[in-house]
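A.B. asks: Below are the features I grabbed from Swiss-Prot:
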type	residues	note
BINDING	84, 85, 140, 141, 142, 146, 172	ATP binding site
DOMAIN	54-195	domain 'Fido'
(Lines of atoms letter the chains of each structure in order from A and count residues from 1; the text may use other names and numbers.)
(Lines give C-alpha, C1' and ligand atoms only; values in the text may rest on other atoms or scores of the structure.)
Protein backbone atom coordinates (compact mmCIF):
# COMPACT_ATOMS: atom_id res chain seq x y z
CA UNK A 1 0.00 0.00 0.00
CA UNK A 2 1.31 3.44 -0.83
CA UNK A 3 0.29 6.48 1.15
CA UNK A 4 1.51 9.85 2.37
CA UNK A 5 2.47 8.37 5.73
CA UNK A 6 5.04 5.82 4.58
CA UNK A 7 5.02 2.58 2.66
CA UNK A 8 2.66 0.00 4.11
CA UNK A 9 1.44 2.14 6.98
CA UNK A 10 -2.31 2.69 7.12
CA UNK A 11 -3.26 5.43 9.60
CA UNK A 12 -6.92 4.45 9.34
CA UNK A 13 -6.27 1.17 11.19
CA UNK A 14 -5.57 0.44 14.83
CA UNK A 15 -1.88 -0.47 15.27
CA UNK A 16 -1.41 -4.19 14.81
CA UNK A 17 -5.04 -4.75 13.85
CA UNK A 18 -6.85 -4.89 10.53
CA UNK A 19 -9.67 -2.87 12.10
CA UNK A 20 -10.60 0.69 11.19
CA UNK A 21 -10.11 3.27 13.93
CA UNK A 22 -13.60 4.34 14.96
CA UNK A 23 -15.35 6.69 17.34
CA UNK A 24 -16.96 3.75 19.15
CA UNK A 25 -13.56 2.17 19.83
CA UNK A 26 -14.84 -1.17 18.53
CA UNK A 27 -11.96 -3.53 17.79
CA UNK A 28 -13.84 -6.50 16.42
CA UNK A 29 -14.58 -6.42 12.69
CA UNK A 30 -18.02 -8.04 12.72
CA UNK A 31 -19.24 -5.75 15.51
CA UNK A 32 -17.91 -2.70 13.69
CA UNK A 33 -19.59 -3.71 10.44
CA UNK A 34 -22.90 -4.25 12.24
CA UNK A 35 -22.67 -0.90 14.04
CA UNK A 36 -21.80 0.86 10.79
CA UNK A 37 -24.71 -0.82 9.00
CA UNK A 38 -27.21 0.23 11.67
CA UNK A 39 -25.94 3.79 12.09
CA UNK A 40 -25.63 4.54 8.38
CA UNK A 41 -29.13 3.17 7.79
CA UNK A 42 -30.48 5.64 10.33
CA UNK A 43 -28.48 8.52 8.87
CA UNK A 44 -29.42 7.62 5.27
CA UNK A 45 -33.09 8.01 6.15
CA UNK A 46 -32.46 11.64 7.17
CA UNK A 47 -30.46 12.75 4.12
CA UNK A 48 -32.29 15.38 2.09
CA UNK A 49 -32.55 15.21 -1.70
CA UNK A 50 -30.05 17.99 -2.19
CA UNK A 51 -29.66 20.34 -5.16
CA UNK A 52 -29.64 19.41 -8.83
CA UNK A 53 -26.23 21.04 -9.12
CA UNK A 54 -23.88 18.63 -7.40
CA UNK A 55 -20.17 17.94 -7.33
CA UNK A 56 -17.44 16.34 -5.27
CA UNK A 57 -18.30 18.51 -2.22
CA UNK A 58 -21.86 17.14 -2.29
CA UNK A 59 -20.58 13.55 -2.41
CA UNK A 60 -18.33 14.35 0.56
CA UNK A 61 -21.30 15.84 2.43
CA UNK A 62 -23.29 12.64 1.90
CA UNK A 63 -20.40 10.54 3.21
CA UNK A 64 -19.99 12.80 6.24
CA UNK A 65 -23.71 12.58 7.03
CA UNK A 66 -23.63 8.79 6.75
CA UNK A 67 -20.48 8.07 8.76
CA UNK A 68 -20.20 10.99 11.21
CA UNK A 69 -21.09 8.76 14.17
CA UNK A 70 -18.43 6.18 13.32
CA UNK A 71 -15.32 7.77 11.81
CA UNK A 72 -13.59 11.06 12.63
CA UNK A 73 -12.59 11.39 8.98
CA UNK A 74 -16.13 11.03 7.58
CA UNK A 75 -16.42 13.13 4.44
CA UNK A 76 -12.66 13.45 3.98
CA UNK A 77 -10.91 12.14 0.87
CA UNK A 78 -8.73 9.11 1.56
CA UNK A 79 -4.97 9.52 1.91
CA UNK A 80 -3.88 5.98 1.07
CA UNK A 81 -4.17 3.78 -2.01
CA UNK A 82 -6.67 0.93 -1.88
CA UNK A 83 -7.57 -2.03 -4.07
CA UNK A 84 -10.43 -4.44 -4.65
CA UNK A 85 -8.80 -7.74 -5.47
CA UNK A 86 -6.29 -6.94 -8.20
CA UNK A 87 -8.12 -3.78 -9.24
CA UNK A 88 -6.52 -0.55 -7.98
CA UNK A 89 -8.69 2.47 -7.31
CA UNK A 90 -7.57 6.01 -8.18
CA UNK A 91 -4.24 7.03 -6.63
CA UNK A 92 -5.14 9.09 -3.57
CA UNK A 93 -3.17 12.14 -4.71
CA UNK A 94 -5.34 12.46 -7.84
CA UNK A 95 -8.79 12.00 -6.28
CA UNK A 96 -9.70 15.67 -5.93
CA UNK A 97 -8.45 16.68 -9.39
CA UNK A 98 -10.01 13.70 -11.17
CA UNK A 99 -13.20 13.94 -9.14
CA UNK A 100 -13.69 17.61 -9.95
CA UNK A 101 -13.02 16.97 -13.65
CA UNK A 102 -15.57 14.16 -13.64
CA UNK A 103 -18.17 16.32 -11.92
CA UNK A 104 -17.49 19.09 -14.44
CA UNK A 105 -18.28 16.64 -17.25
CA UNK A 106 -21.48 15.67 -15.45
CA UNK A 107 -22.44 19.33 -15.15
CA UNK A 108 -21.79 19.87 -18.87
CA UNK A 109 -24.19 17.00 -19.57
CA UNK A 110 -26.86 18.78 -17.54
CA UNK A 111 -26.75 16.15 -14.78
CA UNK A 112 -28.43 13.78 -17.26
CA UNK A 113 -31.74 15.65 -17.08
CA UNK A 114 -34.01 15.26 -20.12
CA UNK A 115 -32.53 12.02 -21.43
CA UNK A 116 -34.63 9.11 -22.62
CA UNK A 117 -34.22 5.99 -20.50
CA UNK A 118 -31.78 4.16 -22.78
CA UNK A 119 -29.46 7.16 -22.99
CA UNK A 120 -29.84 7.87 -19.27
CA UNK A 121 -28.82 4.27 -18.48
CA UNK A 122 -25.82 4.55 -20.79
CA UNK A 123 -24.52 7.77 -19.24
CA UNK A 124 -25.39 6.71 -15.70
CA UNK A 125 -23.32 3.53 -16.13
CA UNK A 126 -20.40 5.64 -17.37
CA UNK A 127 -20.42 8.06 -14.44
CA UNK A 128 -21.16 5.38 -11.86
CA UNK A 129 -18.18 3.38 -13.06
CA UNK A 130 -15.88 6.40 -13.12
CA UNK A 131 -16.77 7.44 -9.57
CA UNK A 132 -16.45 3.85 -8.42
CA UNK A 133 -12.89 3.79 -9.81
CA UNK A 134 -12.28 7.10 -8.03
CA UNK A 135 -13.42 5.49 -4.72
CA UNK A 136 -12.80 8.72 -2.83
CA UNK A 137 -13.16 7.45 0.74
CA UNK A 138 -11.25 4.88 2.77
CA UNK A 139 -14.49 3.00 3.39
CA UNK A 140 -18.10 3.84 2.57
CA UNK A 141 -17.57 5.05 -1.00
CA UNK A 142 -20.14 2.59 -2.35
CA UNK A 143 -23.00 3.68 -0.09
CA UNK A 144 -22.27 7.39 -0.51
CA UNK A 145 -22.07 6.96 -4.28
CA UNK A 146 -25.33 5.01 -4.40
CA UNK A 147 -27.20 7.79 -2.59
CA UNK A 148 -25.53 10.43 -4.77
CA UNK A 149 -26.84 8.74 -7.92
CA UNK A 150 -30.25 7.96 -6.44
CA UNK A 151 -30.63 11.70 -5.90
CA UNK A 152 -29.32 12.51 -9.37
CA UNK A 153 -31.82 10.07 -10.88
CA UNK A 154 -34.74 11.67 -9.02
CA UNK A 155 -33.79 15.10 -10.37
CA UNK A 156 -33.71 13.56 -13.86
CA UNK A 157 -37.16 12.00 -13.49
CA UNK A 158 -36.04 8.44 -12.74
CA UNK A 159 -35.69 6.19 -9.73
CA UNK A 160 -33.20 3.45 -8.88
CA UNK A 161 -34.20 0.16 -7.28
CA UNK A 162 -31.40 -2.21 -6.31
CA UNK A 163 -33.58 -5.17 -5.36
CA UNK A 164 -32.64 -8.42 -7.03
CA UNK A 165 -29.14 -7.30 -8.03
CA UNK A 166 -26.68 -10.04 -7.11
CA UNK A 167 -23.51 -8.86 -5.39
CA UNK A 168 -21.20 -11.07 -7.46
CA UNK A 169 -22.70 -9.90 -10.76
CA UNK A 170 -22.53 -6.28 -9.57
CA UNK A 171 -18.87 -6.54 -8.56
CA UNK A 172 -17.95 -8.26 -11.82
CA UNK A 173 -19.77 -5.60 -13.84
CA UNK A 174 -17.87 -2.86 -12.03
CA UNK A 175 -14.55 -4.63 -12.58
CA UNK A 176 -15.33 -5.00 -16.28
CA UNK A 177 -16.28 -1.33 -16.38
CA UNK A 178 -12.96 -0.37 -14.83
CA UNK A 179 -11.31 -2.21 -17.72
CA UNK A 180 -13.37 -0.22 -20.23
CA UNK A 181 -16.29 -2.58 -20.88
CA UNK A 182 -19.55 -1.08 -19.62
CA UNK A 183 -21.85 -3.67 -21.22
CA UNK A 184 -22.65 -5.62 -18.05
CA UNK A 185 -23.06 -2.45 -15.99
CA UNK A 186 -25.46 -1.01 -18.56
CA UNK A 187 -27.49 -4.23 -18.49
CA UNK A 188 -27.79 -4.02 -14.71
CA UNK A 189 -28.79 -0.36 -14.79
CA UNK A 190 -31.42 -1.11 -17.44
CA UNK A 191 -33.11 -3.17 -14.69
CA UNK A 192 -32.34 -0.77 -11.84
CA UNK A 193 -33.63 2.37 -13.57
CA UNK A 194 -37.32 3.14 -13.98
CA UNK A 195 -39.27 6.31 -14.55
CA UNK A 196 -40.22 8.10 -11.35
CA UNK A 197 -43.61 6.96 -10.13
CA UNK A 198 -43.57 3.86 -12.31
CA UNK A 199 -44.89 0.82 -10.47
CA UNK A 200 -43.54 -2.68 -10.87
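For all residues, glycine too, the Cβ spot is worked out from N, Cα and C.
Please go over these features one by one and say how buried each is and what sits next to it.
C.D. replies: When other Cβ atoms within 10 Å of the Cβ of residue 146 (ATP binding site) are tallied across all protein chains shown, the result is 15.
The DSSP breakdown of the domain 'Fido' (54-195), given as helix, strand and coil counts, is 87 helix, 11 strand, 44 coil.
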A.B. asks: Could you work out which of the binding-site residues (141, 172) has its C-beta surrounded by the smallest number of other C-beta atoms within 10 A?
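C.D. replies: The binding-site residues 141, 172 were compared, and 172 has the fewest Cβ atoms within 10 Å.
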A.B. asks: Residue 85 (ATP binding site) has how many other Cβ neighbours within 10 Å of its own Cβ?
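C.D. replies: Summing over all protein chains shown, residue 85 (ATP binding site) has 7 other Cβ atoms within 10 Å.
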A.B. asks: Given a separation of at least six residues and a C-beta threshold under 8 Å, show me what packs close to residue 140 (ATP binding site) in the same chain.
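C.D. replies: Within the chain, residue 140 (ATP binding site) has Cβ neighbours under 8 Å at 36, 40, 63, 66, 67, 71, 74.
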A.B. asks: Need one number for the ATP-binding residues 84, 85, 140, 141, 142, 146, 172: the maximum pairwise CA distance in Å, whole number please.
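C.D. replies: Max span of the ATP binding residues, Cα based, is 21 Å.
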